[in-house]
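Right, one structure below, let's go through it.
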Amino acid sequence: MKVFNTSQIRQCDQYTVENDEISSIELMEKAALACFEWIKSQFSANYTYYVFCGKGNNGGDGLAIARLLLEENYKVETFVIQSSSNFSTDAQINFDKYPDSVSFLENDDFEIQQENKKIVIIDALFGTGLNKPLEGNTQKIIQKLNHIKGKKISIDIPSGLFSDSLPSEDQTIFKADVTLSFQFYKRAFLHVESAQYAGKIFILDIGLNSKFIQDEETNNYIISSKSVSDNFKPRDPFSHKGNYGKVALIGGSYGKIGSISLSTRAALKIGAGIVFTIAPNCGYSILQTLAPEAMFISGGDEKLITEIKISTEKTTIGIGPGLGKEKLTKVALEELLKSIQTPAVLDADALNIISENKSMLNLIPKNSIITPHPVEFARLFGDSKDSLEQCELAREMAKKYNIIIVLKGHRTAVLTPEGKCYYNITGNAGMAKGGSGDILTGMITGLLAQGYSPQIAAQLGVYIHGKAGDYAAKKYSQEAMTAQDIIHRLPEVFLNIKK
Ligand SMILES: NC(=O)C1=CN([C@@H]2O[C@H](COP(=O)(O)OP(=O)(O)OC[C@H]3O[C@@H](n4cnc5c(N)ncnc54)[C@H](O)[C@@H]3O)[C@@H](O)[C@H]2O)[C@H](O)CC1
Ligand SMILES: [K+]
């Protein structure tokens, strides 16, 4: 699913009006109707709706939503910000159509009866047309709204937030519980510094022109359930284990055998045919017990990996979880990287070792997948001022080193050598725990071994990992779920991938 910037969204809007049998006012009505239907499905008529509108098209949406609510006898109070600018053409039409009186706000002296707990505040002050950070009265109004208790819904985007950039710390922005956004994810919804204002995001289809959407180019995408099912390869009834690849997960050190056992189990559970684990000897009994389906290969020493003895030709390597950074382990990693020609997966301490010896970056085989979290990424490639800047740096590094970077976080991003960014929107805060990353490494390695291209293995891996995490949270709660529960919920994910 494509992510467009504000100017592309505006062009899409315009293209739709010019090429489809729909006028801009009809499009606004369609957008308002989609919001109204969503609101109706979530809240009863016992709520009082306070609708705050600007004078642009976002305000026009708000006025239309307020009218639709009134027509179905919901209790509605509508406010319009008084300003020197005129209503946009379509907002004016909706203002004229509004059947009740509205209150014009010159400052923040409006009253909302808070003893009535059933309050919904609808923010239709500013949308994608915001041209500078809010100040003066609009700033005061939003600050006051942010202190009022009630359900808060932003239309299209929280007022005060820019679609394509991140806010400064002192910027005033409406804090929504829910954002009902039209047709597309905005880039701001995909970065933690701005996404926190949007709450839960629902994308409402307002039928913008599909040819424009198909033809318009972008470098940013969401990994959709459709792209997952389109790329998913069901197992062939006539196949044997050799058809599903040979994996070697390499990692673990004394006290960190758990990491590589989680990766091993994840690779098995994601469908890999044959799985080896290369770990220090202290991991032997643990691994043979926790993952009896996998074969153990000694890493050479009791407590750390000092040698990696595997033919790398037909084996897909995943290296890093629990590996440690001992000198001999570093040498073993360097030797391994020099010997592999095919894409591998590198995570955790494998990346930390490389960050201390940056020339090793050039040894990473072309089209390999690295899976750093933001701190590991910064160690490798330097600091960034925020997550958007880090994402852009990752895009450059993916191109420079010809690798796929899985930048883990609230919304994990997969950056490709072609400069594309694929955001993952599955997953939840229950996964922000030790072990989750080890599992992701095992999953991506297992998918790569099964013949998925590195880019698709990375995209499927992050999507499936997040989705299994969502099933785990549903069953055990975000608090009580542990990383292992992500592995346990994989069956639900596979059973629900539509083919
Ligand atoms: N995506 C679609 O196809 C549709 C989107 N719709 C809605 O339209 C808005 C965008 O509307 P636009 O008129 O371009 O802009 P806004 O309503 O966001 O605001 C413009 C308005 O506000 C003034 N302004 C801008 N910045 C500031 C500021 N910092 N302080 C004060 N005033 C400011 C500006 O001068 C204008 O007067 C989109 O988000 C959707 O909600 C359609 O309704 C349906 C199709
Ligand atoms: K808004």
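Glycine residues also receive a Cβ, built from the backbone N, Cα and C atoms like all the rest.
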Legend entry - Residue in Asn57, Asn58, Asn220, Asn231 which TrEMBL records at the K(+) site where Asp123, Ser159 also bind: Asn58
Inset, instruction - Report the candidate from Gly382, Gly437, Gly442 that shares the AMP site with Lys408, Gly409, His410, Arg411, Thr412, as recorded in TrEMBL. - result: Gly437
Inset, instruction - Can you tell me which of Asn58, Asp156, Thr412, our binding-site residues, come within under 6 Å of ligand 1 at the Cβ? - result: Asn58, Asp156
Legend entry - Beyond the site residues Lys408, Gly409, His410, Arg411, Thr412, Gly437: chain residues whose C-beta lies within 8 Å of the centroid, for AMP: His373, Leu407, Ala413, Asn424, Gly427, Val462
Inset, instruction - From the binding-site residues listed here (Asp61, Thr128, Leu130, Lys132, Lys408, His410), select those whose CB sits under 6 A from an atom of ligand 2. - result: none
Inset, instruction - Give the distance between the Cα atoms of Thr128 ((6S)-NADPHX binding site) and Asn58 (K(+) binding site), rounded to the nearest whole Å. - result: 8
Legend entry - Local confidence of the prediction over the domain 'YjeF C-terminal' (224-497), expressed as mean pLDDT: 97
